[in-house]
Amino acid sequence: MSELTGGIIECILKIIVVLLIFSALAGFGTYLERKVLGFFQRRIGPNYVGPYGLLQVVADGIKLFAKEDIIPQNAIKPIFILAPSIAAITAFIAMAPIPFFPEFEIFGYVVRPIIADINVGILFVLAVSSCGIYAPLLAGLSSGNKWSLIGGARAAIQFLSFEVITILSLLAPLMIIESLSLIDINNYQQGSMLDWLIFKQPLAFGLFIIAAYVELNRTPFDLLEHEAELTAGFATEYSGLKWGMFFIGEYANMFATAFILSLVFCGGFNDWGFIPGGIAILLKVCFFIFLFMWVRATFPHVRPDQLMRMCWKIMLPLALLNVLITGCILLF
């Protein structure tokens, strides 16, 4: 077998593994979130289907597959069908340059847990993730429903505004590292905990994690589908597998964002004291996933005007100031 053929087979196997694992994690994420929310609200959460309610995910999946797939009469059919696919596809493509774990060896063969090691990895993630805006936007425009249309309009405003904050918040750490490769970013922090960028760029971390909440459409920033105002927003007319693809895309993005936060700001998969690197990054990712769910249980919704005011009048000046200060420190 030639080296090229072996590389192609290895890449295909990695893609299949990532698709299977993160699709399963998306389903398990719903169970975990319901358990966490139940804990904060002094409830038990899912506990009837299987031991500790673990088979609730399977029951939900069966229900989802069994639901009738309905397309509204006034919908623009091709775009209506395309929108959920964009949500899921962009979420998984964005994972290509993410190094999930350190290298390990199986039967003498060195495995690198990354699909594509490109030197502009973080730029690729941002570019592909930003294409995900087309999913709620097209869904809202094509559904023929006023609530969906308002949800799609909010998606365009919300995502485009916070793309600016996301990029500017990452600009300062990238100026320090002088590389766009996620592996280089990870290797930069391989010393002690004081080398983690969360301590060198705390403002950038705060801005990035808030922007991540907004772009993931998580509470308290889920203005695209706020139940009290828009029923289900852009997804009002979706059911069955099409709705499921939106949900898979959202949770896959959430896990990918947790990996990005761990890699860029929290030391990545470097050894953490006596804890091996692979276990260390899993602990960090689990912490950020729990944090996403904790915030949902804690904070009330914000209004769209409050969100835009926070973006343009507070976060944008802070992000620009952080870039300016970092540039001056590096220059002088």
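Note: Cβ is positioned from N, Cα and C throughout, glycine not excepted.
Copied over from Swiss-Prot:
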type	residues	note
TRANSMEM	8-28	transmembrane segment
TRANSMEM	44-66	transmembrane segment
TRANSMEM	78-98	transmembrane segment
TRANSMEM	120-140	transmembrane segment
TRANSMEM	157-177	transmembrane segment
TRANSMEM	196-216	transmembrane segment
TRANSMEM	245-265	transmembrane segment
TRANSMEM	274-294	transmembrane segment
TRANSMEM	312-332	transmembrane segment
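If one looks beyond the transmembrane segment (44-66) by at least 6 residues along the same chain, the residues whose Cβ comes under 8 Å of a Cβ in the stretch are 27-28, 30-31, 34-38, 240-241, 243-244.
Outside the transmembrane segment (274-294), and at least 6 residues removed from its termini, the chain residues within Cβ reach (under 8 Å) are 29, 32-33, 36-37, 40, 100-102, 104, 213, 216, 218, 254-255, 257-259, 261-263, 266-268.
Only pairs six or more apart in sequence are counted, and the transmembrane segment (157-177) with the transmembrane segment (312-332) gives three or more Cβ pairs under 8 Å, enough to call it a contact.
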